[in-house]
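Enquirer: Straight out of TrEMBL:
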{"type": "TRANSMEM", "residues": "29-49", "note": "transmembrane segment"}
{"type": "TRANSMEM", "residues": "98-123", "note": "transmembrane segment"}
{"type": "DOMAIN", "residues": "108-388", "note": "domain 'ABC transmembrane type-1'"}
{"type": "TRANSMEM", "residues": "143-161", "note": "transmembrane segment"}
{"type": "TRANSMEM", "residues": "246-268", "note": "transmembrane segment"}
{"type": "TRANSMEM", "residues": "324-355", "note": "transmembrane segment"}
{"type": "DOMAIN", "residues": "422-645", "note": "domain 'ABC transporter'"}
{"type": "TRANSMEM", "residues": "726-749", "note": "transmembrane segment"}
{"type": "DOMAIN", "residues": "735-889", "note": "domain 'ABC transmembrane type-1'"}
{"type": "TRANSMEM", "residues": "770-800", "note": "transmembrane segment"}
{"type": "TRANSMEM", "residues": "869-889", "note": "transmembrane segment"}
Amino acid sequence: MTKHAPLEEPLLKDSDSKKAGGNEILTGYLNAGFFSILTFSWMTPLITLGSKKTLNHQDLPLLSANDTAYGSFSTFTKNLELECGNVRTVTTIKLAKVLFLSTWKGILISGIFAFLYVCASYVGPYLIDNLVQYLNDENKVKYDGYVLATAFIMAKLVEFLSQRHLMFKFRQVGVRMQSMLVSMIYAKGLTLSCQSKEGRSSGEIINLMTVDAQRVGEFCWYLHDPWMSVLQISLALFILHRNVGVASVASFAATVIVMLLNLPMASLQEKFQAKLMEFKDKRMKATSEVLMNMRILKLQAWEMKFLAKIIQLRKLEEMWLKKFLVVTAIVRFLFFSAPTFVAVVTFGACVLLGIPLETGKILSALATFRILQLPIYNIPDTISAIAQTKVSLDRVVAFLRLDDLQTDVVEKVPRGSSDIAIEIVDGNFSWDLSSVNATLKNINLRVFHSTRVAVCGTVGSGKSSLVSCIIGEIPKISGTLKVCGTKAYVAQSPWIQSGKIQENILFGREMDREKYEKVLEACSMKKDLEVLPFGDQTIIGEKGINLSGGQKQRVQIARALYQDADIYLLDDPFSAVDAHTGSHLFKECLLGLLKTKTVIYITHQVEFLSDADLILVIKEGRITQSGKYNDILTSGTDFMELVGAHRAAFSSVKSLERGPTLKSSSITGEDTSSLSDFELEQEVENINDRNSMLEETIVPKGQLVQDEDREKGSVGFKVFWKYTTIAYGGALVPLLFLSHILTVVLQIASNYWMALATPVSATAEPGIGIFTLMVVYVSLAIGISFSTLVRAFLAVIAGYKTATMLFNQMHLSFFRAPMSFFDSTPSGRILNRASADQSTVDMNISNLVWEFTYNLVQLVGNIAVMSQAAWQVFVVLIPVVAACIWYQVPTPSHIKRQSRFYTLSKKIIECTNSYDKIGFIY
């Protein structure tokens, strides 16, 4: 199985790394007793702290080892290796099995709580008839009433405790699953082969981590639904048979019909979900590419053109989103209409069969129908969730099965066991294995320890490919490649991580002040740090925007030097710096700190070749000449042509720039009469570089990249009001509230009518005829169904319109933002808004907002009914509501950390060619 790098070390350590992981106190859940776990009192210290201040990430206790990303990922990889052997042989079923095996204990415990919850929830409907008979019994005994009241209270206590623990376990298992998949996708992204990277953008991979992994984690909520639904339906039919006898068969038939109606809806949801994710991937790929090249778009004034392209992709996505939401509305209509439909069929069957209807049995049946609503909805909804999860797992599996870098390209020789650092024998390498022509052909090379090797050649001759093959990036066709010792690599294009300069140099290593100062001096960074507003604590912006090209290159070289590797591979490290700085780097780094190291450096500067122990001349993927400077200068034509071309180019540039050079020198007031032409050229370039550096690095006081702002406390009413009124200026809000009120009023009226119109006992005479009873009840049921349908579609229309407007406004805002916004805002933060947050707005927020308003209206209706029946309930209700409001604690925002994580992930995935080597010790 492919071995992935361990995840225990952070890529960049925060200055307060201890705080970054939380405080030093372990979670109280780890050592909590039975009563503490039962009542969640182990959360009391955190809740107490939250009542005094707004909680931050630093206030959270440390997780137990099994709940950390590293702990869960280790368990997952072990199980995956046992099940599949190699990650490339994984299938959807095997991946699901591995996820189950990695979390089976939590799933089993949650199953026990689910069983207790289901059984306890049916105690109330079962005893309602007994309670009604007791209240209407003239010879009632108080002891029986106390027993019934105690049974109701204990059943409700068991129900809500088991439900709370069930939800807690679901969340715990779901987070573990999501963490496992995100870690696996991230680790896989670092080992993808070149061909695999061509077909996967960073936006698509971020989509896998933000949307698909989250959906798999959320599937835990549906994990026990199949057997729970069977148990719930069985208990419901048992209670109904006790109350209405043979008519319970009609109840069962109606239940099956409603479930069957949901099945085609679940199939359509699966189809639309797959299409929706397909077009979302295309949009995210385009968004990622736009963010990467925003500076070019701004300079060319193309941003509105590319915004139109993204809007067009979004419209294709919206086409499937609209279909998905319509099907969701139909499913919700069936969900809320199911109890009414089953009740009408059951009571109608009772009338036709002549089964007497009594108040107690009616209330018991209605309560049972209300609970039966859950399995009726859950089975099709679970089927839909399984379909959506399968789509996400299929996408994750397709990514995991992509080709990795060959693990046998480089044969690692133990350190100190050989005098040879690098040895290539008859090596043939190719970026594209399907190509007839190899990139590197017949390479034979032997480099001893502490040797400096210079590589030169024309553009496109294969110099960078030679270095890439040594670090194992290019697939090997034939031959052997042996490397003895650790390697550090400096890419031709600087790769800078968003973070402090010090963090970029240390790159996860511990601070050694003496060594650190030597590296800064060798890389000529002391003066740069003096100019920067916060020295080496200055935060580097997106793609190193607040550093010049030369500064970024020197930070990259400093990072490699600090790693203290055995072998250094430098791909044209002096191309981004001026001649004077390049000479300093060559003298202090290659001839100074690296004098005892094995160094292979690519360069076009002829002046750096004479100090090499070995020079390699590459042409068309072959090493055509090798030897010392003076030897190969007279032994062949290829090297002579390179030297001659360099001298000719330098002479022409020098003659063209002599006038401006002398003018610039005179402005500086320096005496240039004693300088040679070459020295004068170097001095002027140095002055220009320093001036450019000053212009680019003098920034306003404060870091360029700021922490993401977040609101403290609970979400205010203004936010909800803004969301609900953004669609059609709020025209749908009164209609939605009216449909909510109408639905609740009709539900209360139908229940009240059945309780009022039926006799209390079998001996009592009914006050209303059977025909009138059923006509009124059916009419109310039709009204409930119609208002439910209107409510479902109005919520979908409002949610879809709001999501569309928010998407357009958000993208218009950041496309029209100045370039300074993109310089100071990590691209992961923007991608997180366009991917995970937009997905939440598309599918979830509308349902949550309007269900909240519906539940609020339903609560008011229930309170109104209870106040008419037993006003004493307010003695308990008011303190309970007050305690619930007080108990709520503003939860810590996780968006900042998520955005930083997705920023890191995006940059690393984009730069895996560099990340695998830059400053990383093999």
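Cβ from N, Cα, C; glycine included.
TrEMBL labels come from automatic prediction, so no person has curated them.
Help me picture these features in the structure, burial and contacts included.
Expert: Same-chain residues lying 6+ beyond the ends of the transmembrane segment (143-161) with a Cβ under 8 Å from its Cβ atoms: 38, 116-117, 120-121, 123-124, 127, 130-131, 134.
Counting same-chain residues at least six beyond the ends of the transmembrane segment (246-268), those with a Cβ under 8 angstroms from any Cβ of the stretch are 233, 236-237, 240, 323, 327, 330-331, 334, 338, 341-342, 345-350, 353, 355, 372, 375-377, 379-381, 383-384, 387.
Long-range contacts of the transmembrane segment (324-355) within the same chain, counting only residues at least 6 positions beyond its ends with a Cβ under 8 Å from a Cβ of the stretch, are 240, 244-251, 253-255, 258, 261-262, 265-266, 268-269, 272-273, 276, 362, 365-366, 369-370, 372-373, 376-377, 380-381, 384, 743, 750, 754, 770, 773-774, 777-778, 781, 784-785, 788-789, 792-793, 795-796, 799-800, 843, 847.
Packing against the transmembrane segment (869-889) from elsewhere in the chain are residues 46-47, 50-51, 55, 714, 863: each is 6 or more residues past its ends and has a CB under 8 Å from a CB in it.
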Enquirer: Express the predicted model's confidence over the domain 'ABC transporter' (422-645) as a mean pLDDT, rounded to an integer.
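Expert: That stretch averages a pLDDT of 86.
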